[in-house]
Amino acid sequence: MAQGRGSINSDYKEWEWSADAGERARLLQSPSVETLPKSGESQGSGLGATSALGAVFIVVNAALGAGLLNFPAAFSTAGGVAAGIALQMCMLVFIIGGLVILAYCSQASNERTYQEVVWAVCGKVPGVLCEVAIAVYTFGTCIAFLIIIGDQEDKIIAALVREPEEAGARHWYMDRKFTISITALLLILPLSIPREIGFQKYASSLSVIGTWYVTAVIIIKYIWPDKELVPVEIPTSPSSWTAIFNAMPTICFGFQCHVSSVPVFNSMKQPEVKTWGAVVTAAMVIALFVYTGTG
């Protein structure tokens, strides 16, 4: 085999690695073909440090997020709990299948990120478009979550300070620009520095537990509601077929973790498609229960 980034065919003159997208696409072969680890990977076995359980928590954390807040509205739009669960089950078949296919393509092409897999499989133009789309998507996602964090910190600080809100009475530490900046600098930045995504397994575990807490509070408030709340009628069937399709984007967004799935797969101790199938199935089932309980 050729040295460096490596060819996956013994005839290196014919199959030698090239930066050209067409040459990279030709590297896609059966995962059973032996490949050389890329430069920068660990020597020896070349395996990651993330266990299957850790990978489950990372995938769940990648899937769960702001979509959790929209699931009650999605269930109402879909036509109630039964319709919402049925729609989720149908979408999970395609979502899990897509995650497994991404792992297969990553293993076959010997690529470690989502955009590199797209580049190797689809060629240069789709690869560049994918990189641009991911950059815009992650930038917008960061802004959205920083705004959500700022909203929650405003309420937490107000509850701790317990001072009447008066014009000009807000302290400097209650300024959103300060709280968001400090949070991004002290919490988000350290979690973003490591190149290995397996590092996120510890923070992901806490995040998943926090999400379960929110879901548990919602369920408890449903069973034992506050006295001042007036129950409303819960729909039992969709108002129209278009209503079901209107709920699909929210549900798909709630389970979206495909960009992170390829790095997570390659960070596992045993990056095998079969093991990955079990990991993403377990992760999606956990997300299903959380979303269903909230919805």
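For all residues, glycine too, the Cβ spot is worked out from N, Cα and C.
TrEMBL labels come from automatic prediction, so no person has curated them.
Beyond the transmembrane segment (47-69), the same-chain residues lying 6 or more positions past its ends with a Cβ under 8 Å from any Cβ of the stretch are 144-145, 148, 196-198, 200-201, 203-205, 207-208, 211, 214-215, 250, 253-257, 260-261, 264-271, 275-276, 278-280, 282-284, 286-287, 290-291, 294. Positions annotated as transmembrane segment by TrEMBL: 47-69 (among others).
As annotated by TrEMBL, domain 'Amino acid transporter transmembrane' applies to 50-295.
The transmembrane segment annotation in TrEMBL covers 81-105 (among others).
According to TrEMBL, the feature transmembrane segment maps to 117-150 (among others).
Look at TrEMBL and you will find 178-194 (among others) tagged as transmembrane segment.
Residues or ranges marked as transmembrane segment in TrEMBL: 206-224 (among others).
Here TrEMBL flags 244-264 (among others) as transmembrane segment. Proximity of distant same-chain residues to the transmembrane segment (244-264), defined by a Cβ-Cβ separation under 8 Å and at least 6 residues beyond the stretch ends, is recorded for 50, 55, 58-59, 62-65, 67-68, 70-71, 73-75, 77-79, 83-84, 87-88, 91-92, 95, 98-99, 102-103, 106, 111-114, 116-117, 134, 137-138, 197-198, 238, 280, 283-284, 287, 291.
The transmembrane segment annotation in TrEMBL covers 276-294 (among others).
Long-range contacts of the transmembrane segment (178-194) within the same chain, counting only residues at least 6 positions beyond its ends with a Cβ under 8 Å from a Cβ of the stretch, are 146, 149-150, 153-154, 157, 172, 200, 203. Nonlocal intrachain contacts for the transmembrane segment (81-105), taken as residues 6+ away from its ends with a CB within less than 8 angstroms of a stretch CB, comprise 28, 31, 71, 74-75, 111, 114, 117, 120-121, 234, 236-238, 244, 247-248, 251-252, 255, 257-258, 261-262, 265, 271, 273, 276-277, 280-281, 284, 288, 291-292, 295.
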